[in-house]
């Protein structure tokens, strides 16, 4: 009754988009990584030349270092803080829905809006510096946006601030699945709230924590907007805060874009993100085996 | 006493999460004679002039229309395309179904930044760089949404549809009259997240658009910051224009946002 091609008609729009704008570019990226193609086209097979160039390219190592530091800097706070906030908004108290909604607001704002808001707050004459000075904690403005290392840390804080609400919701969903009788049993045994948190809640939430770590690690390694906006597009003093994605964008776009080299950089990005996902799967599988 | 402590903590987190937005709103309302650097949250000469002023330096309303166009097309395309593909994967039996599911699954595994440069070349070969069509197309049917819809259709009771088959309804009729109305909760989640993703997207429009008349709001704002950073009031007004529609949407439909995070996180 159903014609053989009917299912394919259903699939056509979706498959067309995913194949044309995701899978074809992906294969194309792998091919281009072994060529000297430029933005103008052309390009010849050059073997591993792009990867050899990478090893000698200080910009690549700086970008790889920054993206890795970013990952290391944002993952622990994003695993811990949203869990604490979720515990805080978990109980049904008057007005708790308002707090949950408010805590989620930074998630819906675009990275650009968030980046501009914090650029203004962290300006040498901005609110944060004014408050720090009024409190007498600093005598000169803190160079949040102009110092190489402080800029990176500031961008991390923005990422953490923007991610709190998102991971809070994930933890709230997971907390709903922690069996209540475990808590009660622990309470009967005389365990206080802190003890119950580490003995009952944390073990039950381990798979969720691994998931949050994986999501925030992949997103952290892919950082672009926060550093771009806080540095006004420059990537920090002398480009010292450029991330890997920023380097890909700078290398591969524009009239002088080096598409081949940018593709080789993209392959590094892909291998790292895929590796992070595989590690997560591994960790969660071991979890289930126990 | 415990409760007081809990509320104190809640208010602290509230100040940290909402404070920066309020400061931006406050800056956008400050009059020309006020010191924007002074830490006063309440403007002493409140004015809406900065909202008019931002349109004098950049075509901010054109940016809004461009963003709105891109976001709405993205919503319609994702709802229609992801429902159709998700339905076929969940409910129709055919050769090649596993292959099709694999294509969508691998689409999720490829981070957008990895294909950025190569996607630009694909778009250029279609002659669609520097067009809004070029901005929309790569996300028009997101693979994640296809899998979300597939799961939503799988969760429906199959009996109703089986009865419809006996009554002679074809696949399109079952899809449109039975499956889609029953899965409208998930379709709403797909619509919301498509709108938000598209409205907030930065990297792709930045790469694919070059002409300021075509700019979406996000790159328009980055451009505004680059050129007129001296006037912080105008930048603040621009960011409020960009974030206000989403806040309204979010407050009216927050339950679905939270549901979307749960489903997207577990499956993504």
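Cβ atoms are placed via backbone N, Cα and C, with glycine included.
Unlike curated records, TrEMBL annotations are generated automatically.
Here the structure is a predicted model, which means the values were calculated and not measured.
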Of the residue ranges B:46-67, B:68-89, the one that TrEMBL records as transmembrane segment:
B:68-89
Transmembrane segment range according to TrEMBL, out of B:178-199, B:200-221:
B:178-199
Which range out of B:7-25, B:101-122, B:128-148, B:178-199, B:234-253 gives the transmembrane segment (B:68-89) the most CB pairs under 8 Å?
B:128-148
Look over the recorded stretches B:128-148, B:178-199, B:234-253 and say which has the most C-beta pairs under 8 A to the transmembrane segment (B:7-25).
B:234-253
